[in-house]
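Report on the following structure.
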Amino acid sequence: MGFSLKVFMISLWLILLSSRISDVNGGALQIGFYNTSCPTAEAIVRDVVEQAILLNDLVPARLLRLYFHDCFVRGCDASLLLDNPNPTRGTVKVEKEADPNLTVRGYDVIDTAKATLEEQCPGIVSCADIAAIAARDSVAHLNGSAYYEVETGRRDGNISIASEAVAALPDAFGNFSYLRSNFANVGLNVKDLVVLSGGHTIGQSQCRSFSRRIYNYTMTQAPDPSLNLTFLPYLREQCPVGQDGNLVEMVADDSRTFDNDYYVNVMQNKGLFHSDGALLTDDEATAYVMNYIANQSAFFQDFGVSMRKMGENQVLTGQEGEIRLNCGRINGDDTTPMTPPTVPGVPAAASRNFNFINLTHFLFVTLFYITFL
């Protein structure tokens, strides 16, 4: 084979390989991803969120929780938003049907934003990015000082499994060791754990999420000894025995203001969840709690950093996933895949790279042939 032809074939091989690597890795998220393709994308989401808050001031807490619950399972891929197309048939459920997600709200706001975006920029903006922007705008609505930039460019996933949500989402009754491990599973450290727990400064909780702490802690028929006893009568008044569906403000009389009062509550042993109190059982976490009590601006800055960090973990970009036209349904299919596609002999986690592995092998063989034969 002539030298010039070999050079041409090698160059072609390198181009194909680099192109395929780009497709698999998908490229990085970036601020202003839609500046050209849909310049009004973030403004549209913000307007929808603002209108929703005017109708219900609990919307910010709901959207923040929705985003958190989505990101902890398969990354921020909007898998939480997928509906079960056959809820009365089969035994496999989607994420939103998992027990920890039964009280998640805010889907209607995301759907409204998506419908508006589809009118303006059809097939451009992912549901995953809408959720990320909406969470940021919710926080910024409550306190402009907590505004942070959001990298966009996520793609939507097509796998949603309830059991994965049960396994991945942090348990409100977890101890610190469990919580640290749980957050580490999604690339977050102790600082991120403390910072993102600060999201509990807004919103409400059902009594069922902490009632064991006030009536029957570890099956002792007594309250959690770490709970502030002066806080106990208030909690029992809000949550009478058998009224687990009652709603209690995460921070009494201040659950609609995004500030550092959550940390004040934690330090006073007045956090609703066992996981809130668990922060004081670790020296590093306690130091962060004390810092955010003393410096609210530091909390705002670090909250944005940790939200962006969570939002970048294991996301789909480039040619991965899809841009859903309807956030509750996979494009062109009335059936939501509930299990990851697998290839015989290849672990599920590696399945989406299987074609890349085969192509790479083929290209290496071709390169060897044209170079040495």
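Cβ atoms are placed via backbone N, Cα and C, with glycine included.
Partner cysteine of Cys327, as given in TrEMBL, is Cys127 (from among Cys127, Cys207, Cys239, disulfide bond). Each of Cys71, Cys76, Cys121 is a candidate, yet TrEMBL gives the disulfide link of Cys38 to Cys121. Sequence-distant contacts (6 or more apart, same chain, Cβ under 8 Å) of Cys38 (disulfide bond) comprise Leu117, Gln120, Cys121, Ile124, Val125. The Cα atom of Asp259 (Ca(2+) 2 binding site) lies nearest to that of His200, taking the recorded positions Cys71, Val73, Cys127, His200, Cys327 as the candidates. Inclusion criterion for the recorded positions His69, Asp77, Ser79, Thr201: a C-alpha placed within 10 angstroms of the C-alpha of Pro170 (substrate binding site); this criterion is met by His69.
Within 10 Å of Cys127 (disulfide bond), counting CA to CA, the binding-site residues Val73, Gly75, Asp77, His200, Thr201 contribute Asp77.
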